[in-house]
Amino acid sequence: MKLSLFSTFAAVIIGALALPQGPGGGGGSVTCPGGQSTSNSQCCVWFDVLDDLQTNFYQGSKCESPVRKILRIVFHDAIGFSPALTAAGQFGGGGADGSIIAHSNIELAFPANGGLTDTIEALRAVGINHGVSFGDLIQFATAVGMSNCPGSPRLEFLTGRSNSSQPSPPSLIPGPGNTVTAILDRMGDAGFSPDEVVDLLAAHSLASQEGLNSAIFRSPLDSTPQVFDTQFYIETLLKGTTQPGPSLGFAEELSPFPGEFRMRSDALLARDSRTACRWQSMTSSNEVMGQRYRAAMAKMSVLGFDRNALTDCSDVIPSAVSNNAAPVIPGGLTVDDIEVSCPSEPFPEIATASGPLPSLAPAP
């Protein structure tokens, strides 16, 4: 059942903060055919999907390129949602409805969705084979994929989205070449505050680029692209001094050390007066970063839907391995290399790593 976006947000945040953090499949009152325990019989099918994804799609539960692709897909699918278009009498998009798979012939032609065809087709096959909706599958695959990356929060997973959808309107996906105002306006239309935009960008902790500069294919956005941690927020604030490729790519800025790619939109958001203090607050605590990202993702996952009409199957989601490493300023650099942009708060005390300036390899 579709519902107004704004009528569900309070329940979303409460639900996200109350999520269990234990292992998947435990503590439920229903025993599935495979012997797993869960809270609701509607969740049993997802154990089969879990095994399929981890074995085949994630190639043995790895935190590699398929995880980064699903993080793009989950955002690009859900953000196709515009109350402003609806108010103007146009179709505003269905939100997290799986339309990027159902209508891939249209949505994969959007410039922002370049390079996703193979991943979309692999997900389509999984959805059809297991008889689950594409909207549910995208959310589930995202939560499972992140569980393969140390330090990741255990995301909420709600099932029950219909497989009925329409193609998303074009031009609703904010991109790396947009201004901060354009990004905040687009995200604000979908119901997200500037703080929540910064929170959602925690996904870039696991990110690399493929289509912005082909000469440095899969160059990561931080020094730990297989760990969900605050390094992305720290390193985006470092002074840009290095051109990692033979020339700068589309929407690329100078980076702090060889091999790291810096998106222009990230650099701008880290330094803009509307977002800089929230950005700085994400640098020093992996726990805070995870909590905020989980809440923002829970909100995004129900864009266009009534969360009360969905079934909570979060207990199927595995828990990621903990990340106990403290945030650091990379070797060869100091706090003096940070471009502090929040005037109201001092920059947190963060240790400096020993050793030379990093030189990063492409992300796997």
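Any Cβ shown, glycine's included, is placed from N, Cα and C.
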* Do you know which of Q21, Q42, Q280 is annotated pyrrolidone carboxylic acid by Swiss-Prot? -> Q21
* To do: For the Ca(2+) 2 site, Swiss-Prot lists D222, T224, V227, D229; sort out which one of S205, S208, S214 goes with them.
  => S205
* **Candidates C313, C342 - disulfide partner of C277 as recorded in Swiss-Prot** => C342
* To do: Name the residue from C32, C149 that Swiss-Prot records as disulfide-bonded to C63.
  => C149
* To do: Using the record from Swiss-Prot, pick out the residue from C32, C43 that is joined to C313 by a disulfide.
  => C43
* **Spatial neighbour of H76 (active site, proton acceptor) that is closest, considering only the recorded positions C63, S205, C313, C342 and their CA atoms** => S205
* Asked: Ranked by the number of other Cβ atoms within 10 Å of their own Cβ, which of the binding-site residues D97, D229 ranks first?
  -> D97
* Packing count at C313 (disulfide bond) (other Cβ atoms within 10 Å of its Cβ) -> 27
* Structure fact -> Among the binding-site residues D77, D222, the one whose Cβ has the most other Cβ atoms within 10 Å is D77
* Asked: Looking at Cβ-Cβ distances, which residues of the chain lie under 8 angstroms from C32 (disulfide bond) while being 6 or more apart from it?
  -> T38, S41, C43, C44, F47
* To do: Specify the count of other C-beta atoms within 10 Å of the C-beta of G95 (Ca(2+) 1 binding site).
  => 27
